[in-house]
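Pulled from TrEMBL, these are the features on record:
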- 112-139: coiled coil (COILED)
- 229-486: domain 'Aminoacyl-transfer RNA synthetases class-II family profile' (DOMAIN)
- T288, R319, E342, N454: L-serine binding site (BINDING)
- R319, A320, E321, V335, H336, Q337, F338, E406, I407, S408, S409: ATP binding site (BINDING)
- T456: site 'Important for serine binding' (SITE)
Amino acid sequence: MSGMLSCRTQRHVVRRLYEFYSRSKNYSTQPEKGTSRLPKPRLDYRGLVEDISFKSHNAFNRKAPLPNGALQSIARLYADQKAIATALNAKRHAQSTIGDHIRASSGDPEAKKAALEDAKFLKSEIVHLEEELTATEDRLLALALAVPNDTHPSSPIGPEDAASVLSIHGPEPIPASSSRDHVSIARCLGLFDLEAAATVTGSSWYYLLNEAALLEMAITNYAMSMAIAHGFTPVTTPDVVSLDIARRCGFTPRDPQSSSPTSQMYHITQHPGAEQEGHHPELVLAGTAEIPLAGMFANKVLNSRELPAKVVGLGKAFRAEAGARGADTRGLYRVHQFTKLELFVVTTQEQSEQMMDEMKQLQTQIFEGLGLTFRVLDMPTEELGASAYRKYDMEAWMPGRGSWGEISSTSNCTDYQSRRLHIRYRPESLCSSSEPKSSSPAGPKTLPFAHTLNGTAAAVPRLIVALLENGARFDKVGNVVGLNLPKALQPFWVGAINSERDIIRWV
């Protein structure tokens, strides 16, 4: 039915959609002047309009916020853009030759006057066409930014419970028991202080105490060492990023029970020194180190021999919606701030699927080393967000919660992020030994866009939950007396708290 819209109705749809996405915080038009150091995203409009039916069906399967008629409007705007650009080029060509007519008519005042009038009128037409082209391109971009990435043909279709279990790892699951609730265990062993955090900051914030503080450091160093051994370069990232970069990464974790599309982000209202820098970005706390890691490669061209470029970043993740409701908000399972070790890879189009499998293998080794019972899921379409082409989740068995809980994910974003961040690569056939390792800004428009992948090496609070609920030791009457931790963490343990708190056993 949407393909049969009248021209008048299509114009109305375009206007309403443009207004909607211009206001929307999930998807952005080109940032206002001064808020971005990057060029406009360079999207594949031709690919969007070649098979509108496929793109529409894909958006529906992913439950993307794409209103009816959006793709038809994109097709019409793309045709308008090409037509206006053709007309503008013709006018500019005419303008380049009109000077000859003026000079040729120098001996004829009337002819010269007419030529000057033609030049003035032509200049006015060019200005009008330039304005029309800019407005059309802005509307086209605003709508196209709302279209999600394509989906891998093997991804299940549907909501979260449609996920496909690919493999299960580790020992037999411990039976579910409320006695293994991680909050109760932590209180018995003096590992958390949630009440003080609630006083200092609010609900869903926490203090880690004693062995729990050491456990966080041991987990991050253990996972970091594993990533480095697999060729990842270690990075510590900024925890503050521009909203523009976050949007270009597609970082919009959805909160279906919230009416605010940006409820998941903490916004920074003041930026000291911004005026002196002559730059006024809207800043947010990063929801994941993926965002600053992706930003490291923005507006760059890499030689194919450098790829895959693999980095592992340690940072804090901030989620404003985390503690809003539900049983998942208890303790450390869903919090507003947490330490997270993130894997990020830039690679060629041909290598990205193989790279995703390699990242999954690394994550599997990390969690097997922790002795956890966990499973690997191929996530369904409604869990892919805007950017992921395919996504694997890893869930650990948490007997205190009586359920599986997500501890990691891996996503192949193909060129979704690279087109927005301008990350490209120079194929081997174009590389030469005399060229620099990388160049910025990005080179010729004919160079292919890279593929980007991201994955969690360690989401620390979730791993602490899993380790506490699976590793707690009890006496004969059911009191918590200690904690069994995997020997893989022992080399990264910085020392004993005191001899009287001998609660850790390495197993």
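Placed from the backbone N, Cα and C atoms, the Cβ positions cover glycine too.
TrEMBL: automatically predicted annotations, no manual curation.
Within 10 Å of its Cβ, the residue among the recorded positions T288, S409, N454, T456 with the fewest other Cβ atoms is S409. Looking at E342 (L-serine binding site) and T456 (site 'Important for serine binding'), their Cα atoms lie 5 Å from each other.
The subset of recorded positions (T288, R319, N454, T456) lying with their Cα within 10 Å of the Cα of S409 (ATP binding site) consists of N454, T456, given in sequence order. Here the Cβ of I407 (ATP binding site) has 25 other Cβ atoms within 10 Å, regardless of which shown protein chain they belong to.
Spatially, by CA atoms, the binding-site residues T288, R319, N454 include one closest to H336 (ATP binding site), and that is R319. In the three-state DSSP scheme, R319 (L-serine binding site) is classed as coil. Nearest neighbour of I407 (ATP binding site) by Cα distance, taken over the recorded positions T288, R319, N454, T456: T456. The Cβ of H336 (ATP binding site) has 21 neighbouring Cβ atoms from other residues within 10 Å, across all protein chains displayed.
Per Cα geometry, T288 is the residue among the binding-site residues T288, R319, E321, F338 nearest to T456 (site 'Important for serine binding').
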